[in-house]
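Residues or ranges marked as active site, phosphoserine intermediate by TrEMBL: Ser222. Summarising the annotation, TrEMBL assigns Zn(2+) binding site to Asp174, Asp421, His425, Asp464, His465, His575. What TrEMBL records for Asp174, Asp273, Thr275, Glu416 is Mg(2+) binding site. The transmembrane segment annotation in TrEMBL covers 119-139.
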Amino acid sequence: MKQFLSLHSSVVRKGRCSSYPLHSTPYHVTRLLGFRVHVSQHNLPKEGRNRSYRACISSLFSGFDFTLAMAREESLLPPRLSSDDGSSIRNEEEDYALLTGERTPPQDKQRVWPSWREIGVFSWALIATILVIVLAAIYPHKSAEPHDHYSSNTTWGPGGKPTGKRNLIFMVSDGMGPTSLSLTRGFRQYTHDLPFDDILVLDKHHIGTSRTRSSSSLVTDSAAGATAFSCGRKSYNSAISVLPDHSPCGTVLEAAALAGYKTGLVVTTRLTDATPACFASHANLRNYEDLIAAQEVGEHPLGRVVDLLLGGGRCHFLPNSQAGSCRGDDHDLVKVAAQNGFGYIDDRAGFDSLKGGDNATLPLLGLFASGDIPFEIDRRTQNETYPSLEEMTRTALKALSKATEDSEQGFFVMIEGSRIDHAGHGNDPAAQVHEVLAYDKAFSAALEFLENDSTPGVIVSTSDHETGGLSAARQLHKTYPDYLWLPSVLDNASHSAEYLAAQLKEYLSGPGKDAKDSAKRSWVRQALKDGLAIDDATDHELDALLHPVPDVTAAYVFADMISRRAQVGWSTHGHSAVDVNIYASSTKDAWPLVGNNENTDVGDFLADYLDLNVDNVTKLLQDTKSGISQSYDWMGDRLGLNFHTDGLDTYHGDFRKRSADDCGCGAAH
């Protein structure tokens, strides 16, 4: 007879206990005890994911009703043979009494109580099994937490909430999919002559994946993706922290600010771009960048909610009466920022004056480019003009740490490797690998900060989506495909396709405007050789650069030339629906994100880790309706919303209508 100890939970437990199964108790231990432990688990609800492993196990264990079920195999007691002084009926009755604690009426005078030896063996086995379960809960498998040296002393309390002062560093690798890592890893191994098992820093901290669809499409855009992170809610493509019904949703950054945390945004694109915008502003459409800029510096229903802003996008903060502005009005947001207490820097000298954050005073607005900061492959030769993502990361973390050293609360910062996405949109593999390497350095800098800072915290890194449908292989002809791609081609490139396209445009509108075709071709050949190390350009490729067809930009042609030679493939100039990776400094602190998640789960984790009530912020924002229509006028109109905001669209025969030559290569990203 085999006995089974079945533990049945008497209540529906919240939390992801199933992520840490009790059946991981070593089999040989329970086998030695003569029985197995089975734990019945409920379908655990999503909202309970903020419960820690230890608290989850503790609460689950305390609510168990213990019942004993029997099976007719392998007895806990030694097998007994039939004999004159005992019968099989007696044996079964003794087993029943031992396991259930219930007696059956004696049927003859020979029946006796179970021996004290048998009761002792069973009691010892029961106690030992309980100890095994408790120890499994207290000491999880080391394989599940390989980076505990970065883990904080932050604990998740019995109520499922973390305790103590803590910092949260959220990093977004915009547009970086799994193949981006494969491509960059191979590129790095080749260029640095490293062994095949050399990996990126990010690789060492991979804990899960995220699904990325929006409310309006299986393929999200950055706005809907960032709204999932900031609000923990699904919304439509182009929504800036706005729900499908066009009502605002509170963000984790806003909730953190109201709770007394210092907050920051650090990006390499415009600070008004979709990802940073979703944490500190609300707009019906992502292209309302003038409105977004105003909210970021304090023209916001909640007032100023950001303490540190570092990135590009200066033109949206300058009045249109000033050179370098791209605003549609004369609103001077640098002046508004000053009125709201911001210090302001706009060049490398100003950044260097911060002395790595030691000399920074918050709030601070740093705008280092009119638009986007250049791709890393180009920025590295303009280091005297633009700070790197790694430098901005180190400076921001130091400044925020310094600003909170005497505070009961820590800080929340969102750091984005923004231009990985742009390299994907441009199908530029050389720009892509350098952007990913720059992001890996920034992630490493954040790890270093966390390890040395006195305040505990966690780093979580993920992508809003994948861009480009990148493939680390490309079939160039109809014969049998090659099993390779060539990192040497990317290593020879010194500039991005975007940079070369800008150089070509400047030449054709300047010195080459009236030049002969032969002179133009000579100039292009030299530019290809200097920028991409391509010296075998075909006449067809030169024609595509000098006499482009509609919607096929020079940047696309340059990128396609290097992609083909490196045998790197792309399926789109837009986004794809592929799942993206999740990384963390410590599995122990970021355990709710282990495994496959919805992107809204990431947003839930951010709020849960800082113990924030984002719903309360949503209520505050939704009390701002005005006018007869009771609309949120401060979020901009909806004139550009000519698509479904909730629910998937269907096929409309577009394939037949579109020209085979129109690939949409010049579409905005």
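Backbone N, Cα and C atoms are what each Cβ position is placed from, and that goes for glycine too.
As the structure is a computational prediction, the values presented were derived from the model and not from experiment.
Structural mapping of features recorded in TrEMBL.
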residue	record	Cβ contacts under 8 Å, 6 or more apart
Asp174	Zn(2+) binding site	Ser222, Thr269, Thr275, Glu416, Gly417, Ser418, Arg419, Ile420, Asp421, Ser463, Asp464, Thr467
Asp273	Mg(2+) binding site	Ser222, Val267, Glu289, Gly313, Asp372, Ser418
His465	Zn(2+) binding site	Gly175, Gly177, Thr212, Val219, Thr220, Asp221, Ser222, Gly225, His575, Ser576, Ala577, Val580
Students should find that the Cβ of Glu416 (Mg(2+) binding site) has, within 10 Å, a number of other Cβ atoms equal to 30
How many other Cβ atoms sit within 10 Å of the Cβ of Asp464 (Zn(2+) binding site)? 31
How many neighbouring Cβ atoms, not counting its own, are there within 10 Å of the Cβ of Thr275 (Mg(2+) binding site)? 26
